[in-house]
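Here is what TrEMBL records for this protein:
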- 1-27: region 'Disordered' (REGION)
- 30-114: domain 'RRM' (DOMAIN)
- 153-229: domain 'RRM' (DOMAIN)
- 329-403: domain 'RRM' (DOMAIN)
- 406-426: region 'Disordered' (REGION)
- 446-521: domain 'RRM' (DOMAIN)
Amino acid sequence: MNNSTSTGVYANGNDNKKFKGDRPPCSPSRVLHLRKIPSDVTEAEVISLGLPFGKVTNLLMLKGKSQAFLEMASEEAAVTMVNYYTPVTPHLRSQPVFIQYSNHRELKTDNLPNQARAQAALQAVSAVQSGSLALPGPPTNEGTILPGQSPVLRIIIENLFYPVTLEVLHQIFSKFGTVLKIITFTKNNQFQALLQYADPVNAHYAKMALDGQNIYNACCTLRIDFSKLTSLNVKYNNDKSRDFTRLDLPTGDGQPSLEPPMAAAFGAPGIISSPYAGAAGFAPAIGFHQATGLSVPAVPGALGPLTITSSAVTGRMAIPGAGGIPGNSVLLVTNLNPDLITPHGLFILFGVYGDVHRVKIMFNKKENALVQMADASQAQLAMNHLSGQRLYGKVLRATLSKHQAVQLPREGQEDQGLTKDFSNSPLHRFKKPGSKNFQNIFPPSATLHLSNIPPSVTVDDLKNLFTEAGCSVKAFKFFQKDRKMALIQLGSVEEAIQALIELHNHDLGENHHLRVSFSKSTI
């Protein structure tokens with residue numbers, strides 16, 4: 001096909017010149033140009049690079065040139081994606097892929113041949129994202145949107161030349177959503193795991209992105225399928241099984257940490273002092289520039305590259321953060337709006353993903369704050385879900401802090417009320433071990449789930465409440481079976497985040513305080 005056709009993407013042909021060094025960077029565009037794509041890569045694999053950053057609206061593969069164009073729904077999503085992949089080169093099929101903005105502002109691919117596969121892949125993904133695979137009829141509860149698809153994955157690890165711990169699996173799979181439970185076991189001399197997400201959509205994305213990838217260079221290959229089970233029952237929290245929603249479970253003492261056949265498969269402990277030392281060493285494949293294994297596209301603003309160090313063998317994770325301490329429960333939150341943010345606002349927002357103990361807004365730099373969560377997994381969860389979201393007109397960033405606790409001001413120290421201790425707050429959502437709230441943790445969305453509504457409060461009362469808080473109400477509906485609960489859809493995710501901060505625990509009278517959380521359903 002020559003470059004003079006008027007199909008849009010080839011309109012000026014600039015993107016197809018031979019690359020002599022990198023060309024000057026274009027201004028941001030929602031269309032991204034990908035180079036050095038391996039010839040056997042599928043459309044779904046290319047789409048999976050963009051998924052964590054937002055909706056992918058079009059794709060054009062130029063297989064003969066090892067190039068592709070990916071169109072995101074918004075320029076903001078494309079900018080986040082480029083910013084994320086600039087320090088951490090993404091890999092497809094173990095090959096580094098290069099991403100930059102295209103000169104094109106949109107992709108017009110209607111008249112091009114061979115687009116059927118790309119369009120089918122896009123439709124499959126968008127059906128999953130929008131929930132249009134939903135069961136017919138109005139959803140009467142916050143039910144699954146993928147009929148017949150389980151939130152549980154069955155994972156088999158082949159070429160197990162180096163031990164893979166439960167922590168390593170949790171770290172990798174958490175990139176794609178909230179992991180509730182993991183059980184590991186050996187069957188037919190193979191190391192296997194069952195892993196349950198909060199939502200089948202997360203399981204779908206994780207399978208799409210991770211199936212067939214290597215955890216370490218040239219070994220520990222992930223083979224992933226949906227399990228027939230829809231829920232896992234974990235009895236013990238130890239190095240074999242874990243329920244992240246029940247920190248109160250016993251360890252079931254007396255269990256050997258590795259079954260004898262597995263220990264034998266790993267060789268005697270101590271021969272390989274780290275995954276990549278000595279002759280048999282493997283470079284860590286995850287997120288390393290020079291490595292050739294799995295590069296997980298993380299949620300925007302989540303952990304930088306995920307490095308698995310020798311400490312992972314003993315079950316401790318080492319994560320290079322922004323100078324952050326691995327396993328830390330304190331987050332550094334930056335780029336806040338200093339005129340509108342309050343300690344209470346951060347307490348309510350971060351409290352959606354865990355119990356916030358303390359908040360400190362920096363006295364000299366009020367766009368920065370420290371948020372101390374109850375534990376490291378809640379801090380990780382809040383960081384994954386909230387970093388990159390817009391709040392009061394600015395894109396919030398969250399990373400692990402180098403501080404291990406938030407200090408309260410000394411007596412008489414000037415603080416302007418910027419440091420608050422919430423450790424005994426009645427508003428903690430996750431106080432009860434195994435609380436159902438662990439099952440209902442969802443990313444920020446424009447649709448909010450409301451509960452604890454007294455019988456006397458009407459649709460109009462609630463709509464007016466949200467309108468007065470500055471929101472535009474797009475849709476509203478009470479749950480058919482339980483009028484104490486409702487869904488309300490607002491104009492944008494940012495509006496919903498601000499409404500949640502403002503109206504969670506709002507007094508509706510009759511001793512009822514409104515409970516607000518993000519919903520995975522749409523109206």
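Glycine is treated like the rest: Cβ placed from N, Cα and C.
Through the fold, the region 'Disordered' (406-426) approaches residues 330, 343-344, 347, 356-363, 366, 370-372 of its own chain, all at least 6 residues removed from its boundaries and within a Cβ separation under 8 Å. When each of 30-114, 153-229, 329-403 is scored by its Cβ pairs under 8 Å to the domain 'RRM' (446-521), the top-ranked stretch turns out to be 329-403. Helix, strand and coil residue tallies for the domain 'RRM' (30-114), in that order: 25 helix, 26 strand, 34 coil [DSSP].
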